[in-house]
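Structure first, commentary second.
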Amino acid sequence: MSDFLSNFDKKNYEKTISEKSGKKLAPESHDPMPGDETETRSARKKRSNKPRTHEKETVEAVIPEEPMSEAEPLETKSEEFTDFSNASEPVEGEFEDIFEPTEDDLEDEATPAAVVKTKNTEVVRDEEEGTSRFSEEETEIDPTYKKRKRLKIIIFTVIGIVAAIGAYWLYYAYTHVAMPKFTGKNVSEARAWASENDMKLDVEQKYDFDKEVNTVVKQDTKAGKKVKKKSTVKLVASLGADPAEIISLPDFSKLTKTAADEWVAEHKAENLSILEEYSDTVEKGKFIRQEINDKEVKPESYKREDQAVVYFSKGKETFEKNVAVPDFKGKSKTDVETWVKTNEIKMEYKEVDSETIAEGLIVSQSIEKATKVAKRDAMSVEVSTGKAFIIPNFGDYTPETAAGAAEGLTVNVKTTFSGDIPYGQLISQSVEAGSKMKVKDLKPVNVTYSAGRPYLRSCFGTLEGDLEKLFFTEYRSKGANITYTTYYVDSSEERGKVVDMSAYNQYVPMDYVVNLGISNGSKASKPTDTQTTPEEPTAPNDDPES
């Protein structure tokens, strides 16, 4: 068959046509044909590198080299070439010269045709040489085609199912998250997890004595279960011990500090503070006192929410003597106060006058400079009050000279009766003798001298209206409580004059009452119209008859 088809190449076809028409082909000058002896190696190589165009023209023909399956008949279809399978056989020798095979055809026959599902006849044209040739491919029916096709369908179906499952798994994994175990953990961990995974938390808080504050007690969703994002997770968190619960306080005076701390921890009394402080009298570790802020709360009605403090002793505080005392002499009191506050020293300030140190400056100190002292040690300094005024002893002066006893000092002199101090002696002075006073702080000094024992003088002829003034001025103002009573008698003396006295012109006690007789004027003549201004009463003569 290949021999037959080889006669249809360009060269043999033109030759056949020319012979039938009685014409000869003009000789062509062309390059050596492939396979010619005259073709050089370089020409052959050049020809192999030139581009060729391939035009496939399918000619389906039945080549019964192998028996065909009845189940799979071969369909034939003519496209461009006429099927010569039913043509009458040529007369012997008619086409022998025309279809004589060429070297190229022999080379093609030496190369086995590829076995594919369809049989194609390929026309290959060499544009450089202007020739064409036919190549033939055999068609073979593959009995495993349907099986392999079904296998492919199954494989692609499985791949599709796996891809769908994978896509759903990715979607589920992206929209769901595993629920952790929050029980026993702090609720802050749950809040952080919810924020990170786009979840909502519904936290219910309840008092629980056994769980610390903000500890998760219960969760509705079990740990490990997948939950959808943006959904709500319910938790129950502890508020700790109930603050309104009554927990009666023990007698801390019978407990040590360690035992008190254990009691607070056991009862979770977080508002009860156990403190220590130094004490010079209470042994270390012993109870000092307890204080409840609300005075109406008693130890037996104490609630966990009430504020209270219990103090225990740290013993006597001791400090190292590592504070050097400065030289305070001539420095101000303010400088000393600053140093005292910084070093916690117990300082006593004494005021003294000084003729040389100005007021407010330090005159002396109880501890010498550069001496080491400890915190809370005691010392003292003397602070100058400036130049002082010394109050004299007015006992050295008389009532007449006391007023000028000290220059610049105001002295108020007073005399008073005394039952036991002789006349002219000092009874008292308002500022103690020898006292020192600042010049700017000077004030009057009241000095009292003795007027001796009270002496009741005669007051005959004195008008009754002048008696009150007389007794006050002469006696009561000087410390003697001498008073009088009056009665009226018939007399020739002018009405209202003293005509009788129970005692007169004699020493009397500091407390004394004298009876005075007053004339009623029943026997006296009427006074003239001319009235004279009454004179100041004078003390009557000692001799009543005169």
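Backbone N, Cα and C define each Cβ position, glycine as well.
For reference, TrEMBL has these:
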- 8-42: compositional bias 'Basic and acidic residues' (COMPBIAS)
- 527-540: compositional bias 'Low complexity' (COMPBIAS)
- 173-239: domain 'PASTA' (DOMAIN)
- 315-385: domain 'PASTA' (DOMAIN)
- 386-451: domain 'PASTA' (DOMAIN)
- 1-90: region 'Disordered' (REGION)
- 519-546: region 'Disordered' (REGION)
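Residue counts for the domain 'PASTA' (386-451) under DSSP, split into helix (H, G, I), strand (E, B) and coil, are 9 helix, 22 strand, 35 coil.
Assigned with DSSP, the residues of the domain 'PASTA' (173-239) fall into helix, strand and coil as follows: 13 helix, 26 strand, 28 coil. Residues belonging to the domain 'PASTA' (386-451) score a mean pLDDT of 86 in the model. Counting residues per DSSP class in helix, strand and coil order gives 11 helix, 24 strand, 36 coil for the domain 'PASTA' (315-385).
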